[in-house]
Amino acid sequence: MGSTEDLDYPQVILQYSSGFLVSKVMFTACELGVFDLLLETGEPLSSDAIAARLGTSTTGMERLLDACVGLKLLAVELTEEGALYRNTDISNIYLTKSSPKSQYHIMMYYSNTVYLCWHYLADAVREGRNQYERAFGISSEDPFGAMYRSEEEMLKFMAGQNSIWGICGRDVLSAFDLSPFRQICDLGGGGGALARECVSLYPNSVVTIYDLPKVVQVAKEQFVPHKEHRISFHEGDFFNDSIPEAELYILSKTLHDWDDDKCKQLLTKVYKACKPGGGVLLVESLLNEDKSGPLETQLYSMNMLVQTEGKERTAAEYSKLLKAAGFGDIQVKRTGKLYDAVLGRK
């Protein structure tokens, strides 16, 4: 890395200030179906042809396609007939709906829900609370009541979380050898993508997905195949209802939704329900101990401010929460990817 004198600070500031434009271009191309169309046709198309097929203006589509080329989401070839556009490998793998590694659903959730909350980031900083009331006109007292305010919104969220675990799940589940744990409970397991990764990686294990009744119903109907007999379901609210006994509890992107007191309350319940010799696996994006980064985690923590009651934490902060609940022999593994793993034992 060069010295500070090497940095073009005005250019850096301009790049930062226009960052939201980059994400909105990608979201819009996904929403309009640009990447899906180019995958389906299997051949490069002109901007006029894409606009006609997708029902957009030709001038708007041409500018969107050129911006996607600049972002390396599309490639362009100049021919005698004009410019022809095609997907890059990145867009084929991650931005088309049909890809096993598709991130389309989380893109749409960010575009249509998260973006609206972030519009009120200054208010969130002033008040220290989420912004559902301003963004959607609904109570912010119960974050998940707001998040699941309609079946459509709940489906979007669950599909988005599933897409994340489709590419990150194996990294966190293999951070430690979990094969000694046969009876696993995925608390707040949602659409079941992490549970499916778990039984695939550890075929001798069985996983119970614990979540709210309406979440469980949707997971059963739309996300977890009936033939997957190693995955079962338990309906409940883990703050107010009992937690089933298990050898290992997985809390993936769960504690970051809540303040320290609620985290201690939940972890204490988990400790009491946990079988002797069992443990708990926390899957979270860990801040550096001095909170200097990673940038993605710092931004996630801002998102927790506008959407939940919680925050992202350091490994030491999670370890402290685990110890307060009774867990010991705490180990931390940074995966080098978006999410890390913390294992505590009873």
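Using the three backbone atoms N, Cα and C, a Cβ is placed for every residue, glycine included.
Unlike curated entries, TrEMBL annotations are predicted automatically.
Annotation source TrEMBL lists active site, proton acceptor at His256. Summarising the annotation, TrEMBL assigns domain 'O-methyltransferase dimerisation' to 14-96. Marked as domain 'O-methyltransferase C-terminal' by TrEMBL: 118-327.
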On the 0 to 100 pLDDT scale, where does the domain 'O-methyltransferase C-terminal' (118-327) sit on average?
96
Determine the Cβ neighbour count for His256 (active site, proton acceptor): the number of other Cβ atoms within 10 Å of its Cβ.
24
